[in-house]
Structure formats: structure tokens, C-alpha cells
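Participant: Reproduced below are the annotations present in TrEMBL:
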- B:Asp32, B:Asp87, B:Asp223: Mg(2+) 3 binding site (BINDING)
- B:Asp32, B:Thr56, B:Asp87: Mg(2+) 4 binding site (BINDING)
- B:Asp58, B:Asp87: Mg(2+) 2 binding site (BINDING)
- B:Asp58, B:Asn135: Mg(2+) 1 binding site (BINDING)
- B:His65, B:Glu275, B:Tyr325: substrate binding site (BINDING)
- B:Gly134, B:Asn135, B:Arg158, B:Ser225: ATP binding site (BINDING)
- B:Asp226: Mg(2+) 5 binding site (BINDING)
- B:30-152: domain 'PurM-like N-terminal' (DOMAIN)
Protein chains: 2
Amino acid sequence: MSGSSEWTRIALLRAVLGGAAGEHVLCGIGDDAAILAPVAPQGGALPGGAAPLVWTVDSAVEGVHFRRDLLSFEDLGYRATMAAASDLAAMGARPLGLLAALVLPPDVSDDDLGAIAAGQRAACDEIGAAVVGGNLSRGGEISITTTALGVAAAPLRRDGARPGDALALAGPVGLAAAGFALLDRRVSPAGAAAAAAIRAFRRPVARIEAGLRAAAAARAAIDVSDGLAADLAHLAAASGVRVLLDPGALVSAELREAAALLGADALELALYGGEDYAVAVAGPDVGALPGFVAIGRCAPREEGASDVALLGPDGQLTSLVARGYDHFA
Amino acid sequence: MSGSSEWTRIALLRAVLGGAAGEHVLCGIGDDAAILAPVAPQGGALPGGAAPLVWTVDSAVEGVHFRRDLLSFEDLGYRATMAAASDLAAMGARPLGLLAALVLPPDVSDDDLGAIAAGQRAACDEIGAAVVGGNLSRGGEISITTTALGVAAAPLRRDGARPGDALALAGPVGLAAAGFALLDRRVSPAGAAAAAAIRAFRRPVARIEAGLRAAAAARAAIDVSDGLAADLAHLAAASGVRVLLDPGALVSAELREAAALLGADALELALYGGEDYAVAVAGPDVGALPGFVAIGRCAPREEGASDVALLGPDGQLTSLVARGYDHFA
């Protein structure tokens, strides 16, 4: 194909689109969400008291992000909503609302549309927000583009982690990838682990409350949806730190069992499986945050060393090669 | 096809998604944009001074909203941006920023992407805002979904018009449809009218400044992008009025000339041509607003009569049948 990687293309967009923003744009292209300081309708500053807005958009495209044979229409609506909300969670923001732009091929019936909306509604009820508008269009493939708007007194960004900070994680990693693999191979073994994995894939949960709890304690955060290693590499690069992970903290009993059903490596799934919509945070005391699990720490950046490494029990480091999901690769 | 009309589907979505919104959702599904009162990150009311947010999303889908053979990639970016911004203009809002979710097939090169972004940037420069983030995804067809966020002390809605109000219009109507027809028929005659029509189609302009001027004087407003008659029928239905239009005020000299080149009826183009991104407003004195042209007035609703009618010079009324662009028809 003729295009560059997703990251190169984001840099291209930043070069063309950046620099035109007003002073109220506190964070533009490159983090989980944009951060805006609201201004008065006349264009001047507000009289005070207005917290920054956190704002994101996310697309779920048929054949790229989902397959209709593995998910119900209700699942599609649910997942698309949670994927957008997860960007707010990673900034420590409270959702104000969501808008959804639906592109629907002719074979999507009114009942199917109703099921998509029911899934959106269920996800919204879970996070305490609502879809307050949107757009409908015909198209050749289903796509659901969701934009979520939130508010945060001090939004978390990717670039605030410092050497010595602890790393913590809210939400499972690897389980959604295990669930996808089980469904894809048409093996749906009985048992709690398989059910949990399939549920993690079909009904991921944005960690809004965890993000709000982290907002005061963390110095940096990132949405984990492209795979933990890849997303932490972004946090490490933005913050100028090196991330050292405790492999024992990444694999839950459920993930170990689900991986065994697949004959897969549980740690591989935890590091590289995507679509979890977990939130990783860095800060001095984040390991003690309710709803979070301590997974490692930040170290000084080292010339020529990988941004992310596994820390063995005897202190030896294993470099991880960046290997996330690239939509354009 | 299996789905209902766009309007039936919007009603379906409102039934499933409505009712979950908090008190800060001042206007949800059904107007040009949603209206939110910002709340504090803790969930309570803000200390005051924060004006309502106006928020919209709009998709431009290849084969539905545009054809690559009639528009450059730069035009695509420009039009998609203006289409979303026009919803803010119709609410009398000042843009805070935009996010763009791009779905791109493999044959869209980095240069093409750069051209899309250049078009977005040009449109943003025109309206005094910026694309501050977005999302990139692969897909089978190009789609550009743009979400625009603005602020307005007293956002204009569709439902505020009263009998006796004047109607006024900012921006041309019919000219974009004429431009499309000229390009589609591969006739590009020389002359100012043809050039203006083609420009109106390729580079429509959201009427942000006009909307801001109207915000204090108008009681209702609507984005005109699906055809003037169809959009005014929405305003009439929401406000509970009947709209009477002066046909002589709708056809500019440019439109008359462009229509003649096509052998088309200029008034038909003005009433039913889409993609203009004009703004129609209603209020006691809106006819005198700078940048607006008086086009008619609002009358009491009449049982069994059409919502929109043409008012002849001798006072006789010609009912207009609703005939807008329905993406699902």
C-alpha cells in the first residue's frame, strides 16, 4: 500500500494542522484526547471556574475493527462507545456526553440500528453519560465514529511520567485478545475463564471511575487499547522515561486459563493483545490506588535501550520490541 | 433496502438513546447540534460564567456525499470541515475547535492525506478555529467524520420561530447544486457564474460570523444543507409555524445565469439543491442583519396546509412538497 505507518501519518497531520490553534488549545494532536480551555462566546477568557474540556473521537470500522460474525449489533454499539470513553478515562476526565456518527450499508435494518443504539445506551449507562446527538449516513461498510466530551480539573497526559514513578494498571490486558481468538477459532469452551475472555472482547469497559481516582495521584496516563507494550512505549517516549514491567503482575489467573485453552502464551497476550481499553498510569504512589494493580516502574531513559523492558526476578532486563496494532501496516 | 427514512431512524435513535442525559444536556438529538451546560469535574455545577457548549458531528462518505472524480483531496477536507462548522453557525456558536476521524482505503497516499489536511487547514483558517485532534483508520471507502465544538451564550435552536417573524438567509442557495451539475455533466463553461457555482460546490463556506451576528437578533435558525425547502420544513415543524417564501428573493443573478447554462430552473435549484451550508434565521428584525437577505416570513400553522409555501406577488400561495435529500431513500 502507498501510505506510511499510522505514526508517520499522525506526524504528517500534526505538521499540516498544528500551529493554527488558539491559546485555549492546551493539548492538540498526539495524546489520547485534545484538551481545550473553554472561552467565552465573545472570544475572551471565561470569568473563571471553567475546567478544561477533554475531547476525543474514535472510529470502529467493519472489517478493520470488527467483524459482524463475531459480534452482535448491540456489541458493536457497546464497544464503539467504550472505545471513545476510554480516551476520557485515560485523561482522568468525567464524561459530559457523546455523539455518534453512524455509516450504515443498505442491509442494516431498523432492528439492527435499534440494537446498535441499545448497545450504546447500555455502555452509556455504565459510564454515567449519554449519546446526545449524532449523524446518520449511508455507506458501503458499517462504521461507528464516536466523539466523547469530558471535563477534568487537571487532565492527565502521556508526557508527565518521571524516573522512579510507579506504574499501575486498571482493567485486564490480554483477555480481550483471548476472547477474540476463542471466537475466531470457533472454540467456545465452557468455564469462567473463556466466558470472561469473550466478555472482555465483546463488552470492554472504559475505566472512567479509575481514571477519576487517578487524576489526583498520577502524573501521566495512557489508554491501553493497541496492546500494553505499544501503548506504554508511547507513554515512555512522550515522558522521556524507560518503562520496566513486572511480568508476574500482568497475567491474571483468568488470562492464564484462557491462554491455556488456546495453547497461547499468556504473557504475549498481555503485552501485545489489543482492544482491552484498560488505563495505565504513572506516579509516585499509583500502585496503591483502588482499582489499580502495580505493574512496574519508570526508569531513566538509556541511550540505545528499548523504551519498554521486562524486569526479571533476579533483576535482569528483557527488551520488548515495539509491536502494536498499526491500522496502516 | 431494509431501513426506514433518515427521519424515522432519527426518531428510533431518540427513543432508545434519549432520557439518559443529565440536567446539563440542554438540547439532545434532533437539532443541528447538541447543547451542553458544562459541569465541574466533580459533577456539580460550575461556579458560573461558563456559557453552553454547542457540539456536532458530520460524516462525508465517498460515493454518498462526494465523488473523487469531481473534487480534489483538498476539496474533500475543506468541505467536510465546513459542513460540520455550519452546524455551529446555525446555532450562533463560536467554534472552539474540531476533531477529524479519517477512514482511508489503501490507495490513498501520504500526499493525498496531506492534501486532505491542507483543505481542513484552509477551512479552519477561514472560520478561525483549528483541527486539534482526530483518529486515523483503514477502510474500504474514504470517510471524513468531523466533530465541531463551539460556545454560545444563547444557542439558537430550530424551535423558536413565531408567526410574524421575518425569515432571512446568509449564504447562497442552489449554487452548489448548479456547480455539481456542471461538473457532473463535464461542462465547465467560462464565465463568472459557472466559476461561482463550481466554487460554491467545491468550497462552501460555513456562515460563522453571520450566525454570531444573528445570535442576538434571531429566535430560531437552521443549517441549510439538505435543500432550503426541506430544511425550512424542519424549522417550521419544530417551531409550529408555517413558512412563506418570497421566490424573487431566492434566486441571485449568479444562480439564474448558472441555471441557464444547465437548462435548469433556478428556483428549483434554490429550493431543492443541497450542500450549500447556508444559514436560515427567523426573528422580528432578522431581515436587516448584515450578511443576510430577507426571504419571507413565518405565518400561523394551518391544518392540512404544507409547512412551506411560496408567496406570489399577488398574495397567492403555492405549497411546496417536502423534497430534501434523504441518505436512506
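Note: Cβ is positioned from N, Cα and C throughout, glycine not excepted.
Automated prediction, rather than curation, is the source of TrEMBL annotations.
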Participant: Summarise the model's confidence over the domain 'PurM-like N-terminal' (B:30-152) as a mean pLDDT value.
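Facilitator: Within the domain 'PurM-like N-terminal' (B:30-152), the model's average pLDDT equals 92.
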Participant: Compute the centroid of the Cβ atoms of B:Asp32, B:Thr56, B:Asp87, then list the same-chain residues not in that set whose Cβ lies within 8 Å of it, in sequence order, for the Mg(2+) 4 site.
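Facilitator: Sorted by sequence, the hits are B:Asp31, B:Ala33, B:Val54, B:Asp58, B:Ala84, B:Ser86, B:Leu88, B:Ala90, B:Met91, B:Ala148, B:Asp223.
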Participant: On the DSSP side of things, how many residues of the domain 'PurM-like N-terminal' (B:30-152) fall into helix, strand and coil, could you say?
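Facilitator: Secondary-structure breakdown of the domain 'PurM-like N-terminal' (B:30-152): 35 helix, 45 strand, 43 coil.
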Participant: Hey, which of our binding-site residues B:Asp32, B:Thr56, B:Gly134, B:Arg158, B:Asp223 end up with a Cβ under 8 Å from chain A?
Facilitator: B:Thr56, B:Gly134
Participant: I'd like to know which of the binding-site residues B:Asp58, B:Asp226 has the most other Cβ atoms within 10 Å of its Cβ.
Facilitator: B:Asp58
Participant: Could you tell me which of these binding-site residues, B:Asp87, B:Asp223, B:Glu275, has the fewest other Cβ atoms within 10 Å of its Cβ?
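Facilitator: Result for the binding-site residues B:Asp87, B:Asp223, B:Glu275: minimum number of other Cβ atoms within 10 Å at B:Glu275.
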Participant: Output, ordered by sequence, the same-chain residues six or more apart from B:Ser225 (ATP binding site) with a CB under 8 Å from its CB, or 'none'.
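Facilitator: Spatial neighbours, sequence-distant, of B:Ser225 (ATP binding site): B:Ala83, B:Ser86, B:Asp231, B:Gly274, B:Glu275, B:Asp276, B:Tyr277, B:Ala278.
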Participant: Which of the binding-site residues B:Asp87, B:Gly134, B:Arg158, B:Asp223, B:Asp226 has its Cα closest in space to the Cα of B:Asp58 (Mg(2+) 2 binding site)?
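Facilitator: Of the binding-site residues B:Asp87, B:Gly134, B:Arg158, B:Asp223, B:Asp226, B:Asp87 has its Cα closest to that of B:Asp58 (Mg(2+) 2 binding site).
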Participant: Count, for each of the binding-site residues B:Thr56, B:Asn135, the other C-beta atoms lying within 10 angstroms of its own C-beta, and report the residue with the smallest count.
Facilitator: B:Asn135
Participant: Excluding near sequence neighbours, so keeping only residues 6 or more apart in the same chain, what lies with its CB under 8 A of B:Gly134 (ATP binding site)?
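Facilitator: The list for B:Gly134 (ATP binding site) reads B:Leu99, B:Ala100, B:Ala101, B:Leu102, given in order along the sequence.
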